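J.: Just lifted these from Swiss-Prot, have a look:
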- 56, 57, 106, 134, 137, 262, 263: carbamoyl phosphate binding site (BINDING)
- 84, 167, 221: L-aspartate binding site (BINDING)
């Protein structure tokens, strides 16, 4: 049977996305127990290979593996032979020789997980590749959204922030539109990818134009580590024009929810009052991330494609 990977959502059918989400439901029940561990992946080894800094995603994958009783080996770029000039290809061969059963890769170069998947005969999970994709984040966002809004068809969801540099935005757009979500994007023109409207989304320059009737708002941070100079006048001006505050949130439906993939820059893209408000489901996203990643590990290592 061919090795199954999770490299991106751009070409993934809705049925396959749904398979991950459905398998996350029993995983969430497991992590709600006092004793969270089950023996499902006992004897399996998961290697997390992170060439970029990460707190939430790395911890989420580690916990997902541990709750399923898999062993984990955590490798950061600073502690690996990459600092000595070792290529990803050679690292891949080493991982394969050591007997890993699955590799989770985060890398600054778009396409790196695809390259790794061609080199080794074990499942590869893309934990973020450059500005390209972050599929498990989109899966957990979709899972959270369905918990709060079971009928996604026609739901208006507004994404506000640095769309240009966001792999989260790309994966979410591909996933959400497959389930009939009406996706609207808000960003300064300099922070929008060229031709983004061709992805079946509606683009706005001002939050005030997009937020009315929205049932969900997803806020993205300014990725200043990836930006070139001059894309925005300054951070304060951006916060004034695009930050999600209580006044802007009031334009949405009374039951609208607020999402953020983290890390948050409070007072810039999102106000304290909104991030800590009753409509925010940000902590739900974190919890659901573990359940979704448990489902991913299970399906890729033990599950079978219909």
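Backbone N, Cα and C define each Cβ position, glycine as well.
Fair warning: this is a prediction, and the values are worked out from it, not measured in the lab.
Tell me about the surroundings of these features in the structure.
T.: DSSP gives residue 263 (carbamoyl phosphate binding site) a coil state; it is part of no helix or strand.
Of all Cβ atoms in the shown protein chains, 19 besides its own fall within 10 Å of the Cβ of residue 221 (L-aspartate binding site).
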J.: Between the two most separated Cα atoms in 56, 57, 106, 134, 137, 262, 263, the residues recorded as binding carbamoyl phosphate, what distance in Å do you get?
T.: 16
J.: What is the total of other Cβ atoms whose distance to the Cβ of residue 262 (carbamoyl phosphate binding site) is within 10 Å?
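T.: So the Cβ neighbour count for residue 262 (carbamoyl phosphate binding site) comes to 15.
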J.: 10 Å Cβ neighbour count around residue 137 (carbamoyl phosphate binding site)?
T.: 26
J.: Reported as an integer number of Å, what is the Cα distance between residue 263 (carbamoyl phosphate binding site) and residue 221 (L-aspartate binding site)?
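T.: Cα to Cα, residue 263 (carbamoyl phosphate binding site) and residue 221 (L-aspartate binding site) are separated by 7 Å.
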J.: Other than 56, 57, 106, 134, 137, 262, 263, which residues of the same chain sit close to carbamoyl phosphate? List them in sequence order, counting a residue when its Cβ is within 8 Å of the Cβ centroid of the site.
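T.: Checked against the 8 Å cutoff, the neighbours are 54, 55, 60, 127, 128, 168, 261.
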J.: Once the DSSP letters are reduced so that anything not helix or strand counts as coil, what is residue 221 (L-aspartate binding site)?
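T.: Once the DSSP labels are grouped into three classes, residue 221 (L-aspartate binding site) ends up as coil.
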